[in-house]
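S.K.: Below is a structure I'd like to ask you about.
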Amino acid sequence: MAIAQHSRLIAPQPTTARPGAPDAPERLPLAAVVLIPLALALTLGLWGLGRQGAMWRDEAVTYDMAQRSLPELLRTLEHYDAVHGLYYLVVHGVFAVFGDGLIQLRLPSLLAVAAAAAGVAVLGRRLAGPGAGLAAGVIFPLLPDAQRYAQEGRSYALVCAGVVWATVLLLHAAEARRAGAWAGYGAVLLGTCLVHEFAVLALVAHGVALCARRAPAGVLRAWGAAVGCVAVGLAPLAAYSTGQAELVAWIGGPSWRIWVGFAVVVTLGVGCAAVARGQVAAVALPLLLAPKVTLLLMSLARPLYVERYVFHTSAGLALLLGGAAHALWQRRGLVRMVAAVVAAVSAIVLAVPVGQQIRAPESRKDDLAAVAAAVRANAAPGDGLLFTPARRRVWKLPGGSPYDGLNDLAQDRSPRASRTLYGTELPPSAIRTRMLGERRIIVLHDRAREPLDQEAAERVKRATLRAHFERCAGSEVHGGRVTLYARPGAC
């Protein structure tokens with residue numbers, strides 16, 4: 001089909017190291033180049049998909065929002081998390097058809113990473129031949145971030161798949177120069193941006209790629225028109241979600257670890273680009289670096305940089321690694337042997353020890369199943385329940401028996417009743433009164449080394465516990481603490 005053909009404009013026929021019969025990878029049909037990475041991504045994604053029953057806080061928000069009725073969900077999005085609204089609607093539909101278990105929660109992400117792997121293979125084939133396409137497609141699902149987000153009930157895998165296939169359509173549109181091709185590109189990219197607004201950063205990568213290839217003025221004008229349509233379609237959501245900016249107030253400025261990681265990515269990407277053949281570098285290097293650079297620069301004025309927001313840049317990394325690996329394979333002799341050994345060892349390391357770590361309950365920031373188990377071990381029916389800070393009520397969102405029969409002392413209205421993410425709390429004085437009416441309180445709070453929130457309600461919670469209760473028992477769990485407090489002598 002047209003999309004699978006080598007582009008005369010952006011992707012000329014790749015060169016080989018020496019004349020003669022092509023290597024076996026160069027004789028692979030399109031179906032094999034696409035289906036092998038697709039099958040690998042599905043296999044890796046299904047391995048440990050349930051993560052031993054663990055769920056972390058962001059997934060709990062998805063789970064709760066997708067379980068709400070459609071009117072409840074839409075009313076909540078009027079005030080909170082509109083940026084994720086389309087994704088919540090997708091998961092809501094999945095739950096309606098297939099049920100609301102952990103597997104169903106993560107199913108869209110699993111399928112999205114598989115689709116992204118297939119798209120990376122198509123891109124690699126188009127830019128440097130079947131061998132490079134197969135290598136890039138196989139590398140992508142082995143990357144740690146791809147393994148992570150394939151098994152996470154959040155939107156980032158869907159964004160990655162959308163960006164990858166929008167890039168495929170960009171190359172096709174630049175060659176075909178038909179209005180329909182550009183409309184398809186714009187539609188896919190707009191849909192991706194509606195899943196998460198930061199997908200718009202891919203436009204920067206696409207613009208740099210076209211300029212790097214010295215695309216004709218007509219192509220640039222058509223691309224500009226498509227960008228304009230995406231901007232118009234995205235503007236209402238962008239304007240509306242700006243009013244909910246407090247939801248990203250937790251993001252800090254780029255740390256030194258982020259800058260060091262970025263330097264490593266730049267070094268690796270540029271090194272692979274120097275080795276890769278064909279047109280890989282012109283497309284993959286902007287795809288890897290441009291969104292990161294843009295978001296980092298934006299974060300100097302207002303902190304917004306979080307690695308998962310630019311997960312889609314992993315497609316560029318896979319293309320560069322695949323292109324470099326294929327180029328080294330073509331050199332034969334010792335270079336080929338060393339490249340094969342390095343590739344095999346890297347694949348084993350990524351698939352086994354790294355893969356096992358990613359699938360462990362401890363791989364995320366917290367583990368709601370571990371929190372629930374600690375509550376079950378320490379609580380008794382009728383105990384008071386206190387979350388400090390209040391946003392840790394997210395641990396309760398999946399519900400279940402550990403919280404049945406416990407009195408949520410600070411809660412005024414539940415998340416659903418208040419049309420919020422975590423519910424609303426009583427005034428500080430009312431919280432204190434409720435606490436003083438309890439004999440035992442189960443407190444769910446952050447790890448000891450976390451900074452303490454200084455809101456009035458949080459200060460009152462801590463002061464009341466210190467003055468009128470004593471610590472009886474507790475459990476340090478992954479990402480938090482569960483502590484039993486009681487009146488003096490009542491432990």
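Counting starts with 1 at the first residue shown.
Note: Cβ is positioned from N, Cα and C throughout, glycine not excepted.
According to TrEMBL:
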- 28-49: transmembrane segment (TRANSMEM)
- 85-107: transmembrane segment (TRANSMEM)
- 90-232: domain 'Glycosyltransferase RgtA/B/C/D-like' (DOMAIN)
- 127-144: transmembrane segment (TRANSMEM)
- 156-174: transmembrane segment (TRANSMEM)
- 186-212: transmembrane segment (TRANSMEM)
- 219-239: transmembrane segment (TRANSMEM)
- 259-289: transmembrane segment (TRANSMEM)
- 309-329: transmembrane segment (TRANSMEM)
- 335-355: transmembrane segment (TRANSMEM)
S.K.: Could you pull the average pLDDT for the domain 'Glycosyltransferase RgtA/B/C/D-like' (90-232)?
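M.R.: The answer is 97, the mean pLDDT of the model over that range.
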S.K.: Output the single range from 28-49, 85-107, 127-144, 259-289 maximising the number of Cβ pairs under 8 Å to the transmembrane segment (186-212).
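M.R.: Ranked by Cβ pairs under 8 Å, first place goes to 259-289.
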S.K.: Between the transmembrane segment (259-289) and the stretches 85-107, 127-144, 219-239, 309-329, 335-355, work out which stretch tops the count of Cβ pairs under 8 Å.
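M.R.: Between the stretches 85-107, 127-144, 219-239, 309-329, 335-355, 309-329 has the largest tally.
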S.K.: Contact between the transmembrane segment (309-329) and the transmembrane segment (28-49) is defined here as three or more C-beta pairs under 8 Å separated by at least 6 residues; is that satisfied?
M.R.: no
